[in-house]
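Below you'll find the structure, written out as structure tokens, and then a few comments.
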């Protein structure tokens, strides 16, 4: 939807206390959602509210609850839970919507709101448009007898752990595996260690002491070096890192080498092809490494690229009948197991694949050769990023760059939609070619700016 006023590609996000990420706006947002859900129906809708561990979550949880109850919706407060857990619980508890208070991998001073439909999927454009329209209407409180009620759910953790365990065969075990878990001081801190221990693993845990301010602070999937160092220090066979809200996962092998989302896609695609589980096309994004594209082609596995954002990966999978896709950042979609990106479920799928194939993580990646890739952000002194990208001189430079790496890599430009920046990305099978092409293309963008 091109005319979004508040919603981005993944809900609403920003700095706490600024713009829309304020208590008064979130109060109105809850009321708007409640009015959309109650329209044309006599039964009170049920909305689940979950959050990650950042301190502002208390404030926004209360604001959402008040706005929803005022509009006549019932609320179940789930407390700190991974984003994908709220997607699952919304569906299994037969709720009409789920809301997550989280800014994912961002620092504690940011926060955001994500929404899920009754099916546990991200809201469609029409529903988001209806919420935005309701936001621009006055706050409404229903008559006292129609006010909603709010309760706190106590069994959510157990329900979600069983859901995750059900994503792998009943006989699946991790006995004999020593692993490091980095929970980013986020929403998986009280769930992931318990789950992997229940499956038999010896678990070393870091990033599992949230204080409201330390979420993603030097830990988690955006700081993978911390995990890698702990794997080497403890002699673990692998490490797993989640982000603050648990929808991303990255890993480290037994030598502490970082393993990103492209690597994990390869492990899963290759294993699923061999076992007959793979269906349709594997979906990556514009940022997916060219080496993965080549490796999948060698296995005769169809691959396509979507725009950056797991929303677009999901859309491409649904349209193409596929079940496996993801982003370099660690958003992985296993749609035959979960409706949305789920870090814990994705990690279990990788561990199951390794166990079935009899490989270590490092061995499973030995046949994948990624190419050097680099992105430069060119900040513009003036003019819109899209206009700079479309300038004749920049388009000519882009064509020359693409010709230089043809058959050996890719070159492309992405104008930022939120800041005066053009992102210049080049990848090639030889580092010198990549760097030279990148320098020339970035220079052309700077000259045009």
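Each residue, glycine too, has its Cβ placed from N, Cα and C.
Feature annotations, courtesy of Swiss-Prot:
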| type | residues | note |
| --- | --- | --- |
| BINDING | 104, 243, 245, 247 | Mg(2+) binding site |
| MOD_RES | 104 | phosphoserine |
| ACT_SITE | 104 | active site, phosphoserine intermediate |
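Here the features listed in Swiss-Prot are painted onto the structure.
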residue : record              : Cβ neighbours (10 Å)
104     : Mg(2+) binding site : 29
243     : Mg(2+) binding site : 33
245     : Mg(2+) binding site : 34
247     : Mg(2+) binding site : 33
Any further residue of that chain within 8 Å (Cβ to the Cβ centroid of 104, 243, 245, 247) of the recorded Mg(2+) site: 52, 82, 83, 102, 105, 186, 187, 242, 244, 246, 248, 343
